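Below you'll find the structure, written out as structure tokens, and then a few comments.
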Amino acid sequence: MSAPVVIKALVASNTDIAEAILDAILSRPDEGFRLFCLCHNASPLHHVAGSLVELQLHLPKKRLTSQSRCGLVLTLHLPAEEAFPFLRGLTPLTADRLSTYLDRAGALRSLTPLVELLTLSAKKQPQGDARGRVAWLRPKIVGCLRRIYRVNISARWFISTFGSHEAQFVLVTAAYYFWGIPCTIETLAHLTELFTSESGQSLAAVTSLAELGEVFGSSAWAEQTEAFAHFAHEKLRRDSREIRAVARTIDAYRGRLPLASADLVRYVYLAHAQCFNEGTFKRYSQLTSMGEIGCLPSGGVVLPSLLDRGFAEHMRTYFTRETYLAEHVRVQQLKIRMEPPAPYTWDPDPDDGLMRAWAGLSVDVARELVELARWHADEGPTYPPTLQGFLCLAGQATCRGQWNPKEQFLPPTVLRRVQRLPVFLCHFADRHYFVMTAADPFSSHLAEVVSTPTNCRLPDTCLTRALSYTPVYYSQNSLSEQLFVSRHEYFNPRLPVCNLVLDLDLKIKGAPWSLEEIYDLCRTVRREVLRLMRRLGPVSRAHPVYFFKSACPPADPDNMEDVLPFCICTGKLGFRVITPLPRGHAIVGTSAVQGFVSVLQKLMGLTACLRRMRHKIKEIGAPLFDSGVYHAGRCIRLPHTYKVDRGGGLSRQLRLFVCHPEEEDKHSYVKNALNIQNLLHHSLHVGWPAPKTFCYHIADDGRDYLIQRTRETLPPTVENVCAMIEGHLGLDLVAWVSSCIWPSLMSTLATAVPEDKFPQFLHVTFEQTGPNLVQVCHARGRNFACLRHTHRASSKNVRVFLVLYYTSQAITVTFMSQCFAGRCGANQPTAHFSISVPASRIINRAEASQDSTTSQLARRRDRQDGSFSETLPN
């Protein structure tokens with residue numbers, strides 16, 4: 001006798017099916033019991049005609065896994081002719097037929113584990129055979145079945161879960177319960193659209209389980225469930241292979257990209273968007289549909305080849321050192337032969353060794369400039385009584401025979417040989433003094449306090465160790481003496497930049513760096529600086545690049561070693577890097593210098609040194625150089641000087657760190673590093689000719705490429721929220737923020753900021769600074785105290801903004817701040833929190849306001865006509 005044909009069927013009943021199962025096993029059938037077949041996994045039924053059928057009845061489980069979504073409850077052995085009407089949904093199984101064909105022995109065996117579990121801790125064990133034990137525990141077994149299976153389900157639940165049309169319902173139900181496809185119902189529903197283009201009849205009129213079973217049994221798609229299951233398996237395998245291939249492609253390239261965290265997220269997003277955007281997804285879906293998937297190579301992949309070649313080429317060239325400078329950096333220069341911009345014309349080495357300068361506080365500067373404007377308004381240009389005006393005056397040259405406005409500050413005898421003067425800042429007696437210098441013996445003083453070896457034919461690291469400074473621990477007694485230990489140079493945008501002065505801060509983690517590691521970093525910086533300067537003009541291999549390392553903090557006397565390492569800095573390595581621009585070249589303008597620093601930052605990110613030391617760097621891709629020091633009114637500390645603490649203590653002296661590997665004798669290098677003329681922004685290096693070629697633009701064309709491409713792939717937004725608000729509500733942006741948004745922001749602000757920071761927002765005003773930007777201003781000033789930290793200098797220099805982002809669904813208002821302190825990211829915008837206002841609320845409010853206005857006008861008109869006497873609402 002041939003083996004029976006095994007068919008699985010998902011069943012449901014018109015009564016409590018848990019009770020009905022136990023009744024059938026215990027031969028106590030309910031006469032009103034009916035069992036319906038909802039779906040099955042049988043091949044075309046005419047193929048099994050005349051055979052014996054083993055019909056396995058299953059119920060949906062409550063706890064699902066990809067391999068077990070329904071459970072076997074009963075097994076029937078019956079002829080195929082008896083099974084066909086049930087499987088087609090034509091005839092339900094009655095209690096008598098179920099009892100006739102039921103495999104009771106198998107059913108009792110399937111309940112044995114449940115019986116043993118229920119009697120595990122029972123004091124009195126049930127007696128008798130398996131049937132007797134099941135009868136004894138019948139109520140508990142029924143309760144267990146109800147917890148394991150979905151026993152009370154309706155036709156509406158099946159339709160809403162698996163599909164409201166015939167094709168989707170039939171294919172998804174059979175594949176989900178009987179073929180073990182590891183995916184969700186939603187995925188199977190999407191796969192049916194690739195399997196067949198027809199949807200079949202609607203199931204909206206189906207209300208009973210009997211009708212639902214008849215739909216499945218009579219459907220033409222019931223014979224294609226096995227083919228659909230094979231297609232789904234093949235499609236999911238290919239999808240997984242494609243996704244893994246895309247991930248490998250992205251990850252393999254990502255490992256070579258020195259990106260910051262934000263840029264790394266954008267790159268991954270864009271790379272995936274190239275492969276999974278709408279157009280690509282539709283093309284790939286067409287290639288992997290039922291009729292096309294067999295034509296694809298079995299082991300090949302498709303999606304990685306769909307990456308935008310322009311995007312891939314840009315990423316390759318932009319993040320490769322050899323092609324970045326050549327293809328993505330644009331430099332514009334201009335030669336000026338007649339009266340070109342000139343650097344400082346002062347006396348950096350007076351013969352008598354005396355300093356000639358004017359010094360004063362900010363009030364003194366303002367007073368002198370006001371007096372200058374009052375008495376000499378007709379003799380020359382006027383200067384505003386601010387630091388910018390002071391810098392303009394210091395950098396202004398006058399013609400011979402013309403009155404010099406600097407005579408307001410310095411005697412005419414001093415000004416005979418000088419024109420453009422530097423302006424310094426000096427910290428003395430807890431005050432800031434502004435100093436305009438005409439003659440300065442700073443270099444002579446350095447020769448006295450810095451001891452250099454007579455033999456400079458030493459390796460760079462040995463020469464660095466051989467240098468020694470005479471230490472100074474406290475502020476000096478007079479301002480003239482203090483200028484030798486505390487001095488900052490102000491950047492003057494009116495003058496050309498002849499020496500590139502870089503402020504390098506590298507945040508580190510873990511143990512301090514060794515001397516060799518620091519020297520490797522300096523060599524890398526030197527190499528990239530020279531590489532970039534060659535875009536401006538010719539640069540020799542022995543071009544000087546001076547490094548000044550911030551001195552280490554004092555060692556802990558309790559844990560001091562016998563021999564201290566060269567550096568014990570933790571948290572940050574600070575350097576001042578200074579190099580003259582190519583001979584005859586200079587940079588003019590703040591934007592050009594900042595562009596140079598930005599390109600240098602990108603070059604440093606492409607170096608192997610930083611990637612090799614990434615385990616000792618806090619954040620790869622974080623800015624190394626501070627580009628904010630190249631604005632009017634910003635100053636930077638000079639090499640060899642100290643940082644002045646509160647109370648007058650001196651610390652963190654910037655000391656020379658020798659990095660000049662191209663020359664064996666470094667005597668001239670060390671000598672020039674001690675000359676103030678070589679250390680200032682606008683001073684000409686010793687031995688350099690006056691500049692004739694001026695660079696006025698340096699830009700990285702691909703700097704915002706990732707941001708722009710990300711914006712292009714995001715859903716479109718309304719650029720002008722102000723116009724939208726005014727169009728719907730008739731309110732300007734400031735009035736809308738003040739009346740509708742600020743109360744909600746205040747309730748969130750009370751929990752988002754420290755308690756002592758909240759009162760400053762009780763009285764504020766608003767100022768629109770852009771179409772989507774509103775600045776929050778303090779009632780007694782524009783700015784606020786820092787919301788994140790309590791800084792040493794507790795001045796209120798934090799700007800607060802509300803940034804509005806509008807989509808068709810909602811307006812998102814983000815509360816942001818900018819703090820100037822380095823601890824807060826040096827003026828980097830910080831988002832604190834956001835609230836969302838549904839767009840429907842704005843539209844509804846506008847419509848309500850319009851209806852109210854219309855109603856009031858109508859009532860007013862009616863009352864004037866005399867036809868109505870009701871009054872207007874308040």
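Any Cβ shown, glycine's included, is placed from N, Cα and C.
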Stretch carrying zinc finger according to Swiss-Prot (options 84-122, 513-551, 591-629, 786-824): 786-824
Asp505 (site 'Essential for primase activity') in three-state DSSP notation: strand
Secondary structure composition of the zinc finger (786-824) [DSSP: H/G/I, E/B, coil]: 3 helix, 18 strand, 18 coil
Cβ neighbours within the same chain of Asp503 (site 'Essential for primase activity') - under 8 Å, at least six residues apart: Arg576, Phe625, Asp626, Val629, Ile636
Residues that sit under 8 angstroms from Asp505 (site 'Essential for primase activity') by C-beta distance, when 6+ apart in the chain: Lys572, Leu573, Gly574, Phe575, Leu624, Asp626, Gly822
